[in-house]
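Engineer: Reproduced below are the annotations present in Swiss-Prot:
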type: DOMAIN; residues: 1-36; note: domain 'EF-hand 1'
type: BINDING; residues: 14, 16, 18, 20, 25; note: Ca(2+) 1 binding site
type: DOMAIN; residues: 37-72; note: domain 'EF-hand 2'
type: BINDING; residues: 50, 52, 54, 56, 61; note: Ca(2+) 2 binding site
type: DOMAIN; residues: 74-109; note: domain 'EF-hand 3'
type: BINDING; residues: 87, 89, 91, 98; note: Ca(2+) 3 binding site
type: DOMAIN; residues: 112-147; note: domain 'EF-hand 4'
type: BINDING; residues: 125, 127, 129, 131, 136; note: Ca(2+) 4 binding site
């Protein structure tokens, strides 16, 4: 994102145009977007963003916040793409058969048998349905992925 676009977004939050976003301006802007945050949480949010400690969010501080939001969104998109590689029928779950198929196509020795794949899935299957949903997949990927799960089979 270029600086001009960031400045436009900042100006939408900076209602009075004084170059800084107050707690009230942040609250009003978020509410206009349909986001309602309790007052104490808003204070904490500003304290995290407010690097110079003046009690306001200026354009530089806002840029850091916006960058963090965008990076998290990009990571989520990457994670979704990876999940979709395994979720071959696009039903929102990775089954034992789908896992075995993908691992085999990658030429990995982990997961050659259905039993291996069942064990791998059971290590991350929080809800016990025998499949991996997107939330479970994200948790697993943060721990090293399916290959890490298979290393101690």
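Keep in mind that glycine also has a Cβ here, set from the backbone N, Cα and C atoms.
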Engineer: Considering Cα atoms only, can you say which of 18, 91, 129, 136 is the nearest neighbour of residue 52 (Ca(2+) 2 binding site) among these binding-site residues?
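Structural biologist: Result for residue 52 (Ca(2+) 2 binding site): the nearest of the binding-site residues is 18.
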Engineer: Can you tell me how many other Cβ atoms are located within 10 Å of the Cβ belonging to residue 20 (Ca(2+) 1 binding site)?
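Structural biologist: Taking all protein chains shown, residue 20 (Ca(2+) 1 binding site) has 19 Cβ neighbours within 10 Å.
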Engineer: If you compare CA-to-CA distances from residue 127 (Ca(2+) 4 binding site) to each of the binding-site residues 14, 16, 54, 61, which comes out shortest?
Structural biologist: 61
Engineer: Sort out the residues at least 6 away from either end of the domain 'EF-hand 3' (74-109), same chain, that have Cβ-Cβ distances under 8 Å to it, and list them.
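Structural biologist: Residues 116-118, 120-121, 129-134, 137-138, 141, 146-147, 150 contact the domain 'EF-hand 3' (74-109) from elsewhere in the chain.
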Engineer: Looking at Cβ-Cβ distances, which residues of the chain lie under 8 angstroms from residue 89 (Ca(2+) 3 binding site) while being 6 or more apart from it?
Structural biologist: 98
Engineer: For the domain 'EF-hand 1' (1-36), give me same-chain residues lying six or more residues beyond its boundaries with a C-beta closer than 8 angstroms to one of its C-beta atoms, as numbers and ranges.
Structural biologist: 42-43, 45-46, 54, 56-59, 62-63, 66, 70
Engineer: Taking the centroid of the Cβ atoms of 14, 16, 18, 20, 25 as the Ca(2+) 1 site, which other residues of that chain lie with their Cβ within 8 Å of it, listed in sequence order?
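Structural biologist: Other same-chain residues near the Ca(2+) 1 site: 13, 15, 17, 19, 21, 22, 56.
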Engineer: Cα-Cα, whole number of Å: residue 14 (Ca(2+) 1 binding site) versus residue 50 (Ca(2+) 2 binding site)?
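Structural biologist: Rounded to the nearest whole number, the Cα-Cα distance is 15 Å.
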Engineer: Which one is it: of the binding-site residues 18, 20, 131, whose Cα lies the shortest distance from the Cα of residue 56 (Ca(2+) 2 binding site)?
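Structural biologist: The smallest Cα gap between residue 56 (Ca(2+) 2 binding site) and any of the binding-site residues is with 20.
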